[in-house]
Amino acid sequence: MFALAQHTARRTLSRQQWTKVVVSAANYSSGSLSSTIRISSIPAPHTGEITVLSLNRPRARNAISTALLGELNTVVEQLHAQGDKSSTRALILTSESDDAFCAGADLKERLTFTEEDTRNFLKTLRHTFTRLSTLPIPTISAISSIAFGGGLELALCTNFRVLASTASIGLPETRLAIIPGGGGTYRLPALIGETRARDLILTGRRVSGEEAYFIGLADRLVQISEQELGEKGVARGRVLEEATAMAKGICEGGPVAIRAAQAAVSGWRDGEGSENKAYERVIPTKDRLEALTAFGEKRKPSFQGR
């Protein structure tokens, strides 16, 4: 689907296989070794695929550099350009590193920026994050470790967040004498409410996976046992497994219906108009008739996305 070569994983993977897959990136991920994002895919139910984007700057804790941002922007724009013709039915953001989902901005690179460089970087960052947040397909972040600053803002751009109990997230920008600049000051309040968002942003404190789930910042919480804590790749594999299960569960629905529902919910502020417009997309589909036929025949429907 993308310019980078892709590797398709098997439809069903055990927990042990997932752990092995995550630890051995070469067996699962694709793309050049110098790539800051690795792209892979998993077959989705019925048709199409679930695309997995793995941030791949382990030495920098996946900090958002100009190069990483450029690659992310390219992938997001390709998905938008493909529209309904895209074979990607859901998107998962994860990490190639046990140590970090994303530590935020690349501060070492930022030290070399002029004020104009900083403004230009933020302009690209905001554009890319907004485009990610408006993709017509379900998007999920899988986080097992740290997601700070721009890393958390990146996760806020996805529809869902799966966190491990080992995760630690926050918006510490005020402690660096700045404020969140990638959407944190408006996406976080929209998600968890103004008061809780103000608490996290003004204090800059870190939040555990459990607290994130409690306040509604995480949609799924994966508990990691004490025994599993010391096992390489396990927490990362577990959240990816849960995120994939969530994506597959979503993709059990009709492809056109999932996109229509995504659009309707995104337009909830428009009320009935958004829903009615989205419903018109599914009425003429063959998948709708297939679902009715399958119900009458007491079998599972087979959707083709048309």
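Cβ atoms are placed via backbone N, Cα and C, with glycine included.
Annotation source Swiss-Prot lists substrate binding site at A103, G104, A105, D106, L107, G150. What Swiss-Prot records for E173 is site 'Important for catalytic activity', and it gives similarity to another entry as the kind of evidence.
Structural mapping of features recorded in Swiss-Prot.
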residue : record                                  : Cβ neighbours (10 Å)
A103    : substrate binding site                  : 22
G104    : substrate binding site                  : 26
A105    : substrate binding site                  : 27
D106    : substrate binding site                  : 23
L107    : substrate binding site                  : 12
G150    : substrate binding site                  : 26
E173    : site 'Important for catalytic activity' : 22
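Close to the recorded substrate site, the chain also has A63, I64, C102, R110, F148, G149, G151: residues not among A103, G104, A105, D106, L107, G150 whose Cβ is within 8 Å of the site's Cβ mean position. When the Cα positions of A103, G104, A105, D106, L107, G150 are compared pair by pair, the longest gap among these substrate-binding residues is 11 Å. Counting only the Cα atoms, the space from G104 (substrate binding site) to E173 (site 'Important for catalytic activity') is about 10 angstrom. Geometry remark: A103 (substrate binding site) versus E173 (site 'Important for catalytic activity'), CA distance 12 Å. For the recorded site, L107 (substrate binding site), the DSSP three-state label reads helix.
If you check the binding-site residues D106, L107, G150 against E173 (site 'Important for catalytic activity'), the ones with a Cα inside 10 Å of its Cα are G150.
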